[in-house]
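S.K.: Below are the structure tokens for one structure; questions will follow.
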Amino acid sequence: INTITFDAGNATINKYATFMESLRNEAKDPSLKCYGIPMLPNTNSTIKYLLVKLQGASLKTITLMLRRNNLYVMGYSDPYDNKCRYHIFNDIKGTEYSDVENTLCPSSNPRVAKPINYNGLYPTLEKKAGVTSRNEVQLGIQILSSDIGKISGQGSFTEKIEAKFLLVAIQMVSEAARFKYIENQVKTNFNRDFSPNDKVLDLEENWGKISTAIHNSKNGALPKPLELKNADGTKWIVLRVDEIKPDVGLLNYVNGTCQAT
């Protein structure tokens, strides 16, 4: 498994763009494309996981583990007390659990578990972060960098601090890889913190639906109008692939052939 690294403590817009490109290239199925948009592999791919190593200020690091077929964050590790400390969401079970444990922290090295006692779904993370919506949790390179420092190597931290970090990391890594619109929000607001707007939240919640609609399009027209949201929360009706294509970085895997590659 290749590790993609991003130094948030020493970042530029170009470095973030390169990180996004590397992540999409590692994740995508090289043989699948739909209307020019790369697609993630199905669950049978040989390489099932991806590692993303994030570095914050003063060389603190956290490594995220992603499921390759949907970019879902399964857990993370950090160096703690000269050991590899791994943190796995409580909805990861069975063989996947041991895969995450052994990939984040190979058994040849001393390791210690610090479980995440909740799942990785947005409503859960929002509740643990003490917010009613994740639009209350600001995103930004500086925030990502300082959040890494609040967890990496620390003897203790609250669930609130952890959930906030996870909300920031999931959106700035996985969601930004899925959606160029979200990547561009990070780039536009690069030197300041920002709240994710209504379009960001809506895209995040409709990635599967958007992927299926694009995949099932005929001659560039969606099977039926897709009702999404603009940045200001107003209704955005999408009729054609071209209208949403600039916002999409990766499609979720959809079975069957796509009319246009």
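Including glycine, each Cβ sits where the backbone N, Cα and C put it.
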S.K.: Looking only at C34, C84, which is named in Swiss-Prot as the disulfide mate of C105?
M.R.: C84
S.K.: What does the structure give for the C-alpha distance between C105 (disulfide bond) and C34 (disulfide bond)? Integer Å is fine.
M.R.: 36
S.K.: Using Cβ atoms only, which residues of the same chain lie under 8 Å from E175 (active site) while being at least 6 residues apart in sequence?
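M.R.: Listed in sequence order, they are I182, V200, L203, E204.
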S.K.: If one measures from the C-alpha of C84 (disulfide bond) to the C-alpha of C258 (disulfide bond), what distance in angstrom results, rounded to a whole number?
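M.R.: Distance (Cα to Cα, whole Å): 43 Å.
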S.K.: According to DSSP, which kind of secondary structure is C34 (disulfide bond) found in, if we only use helix, strand and coil?
M.R.: strand
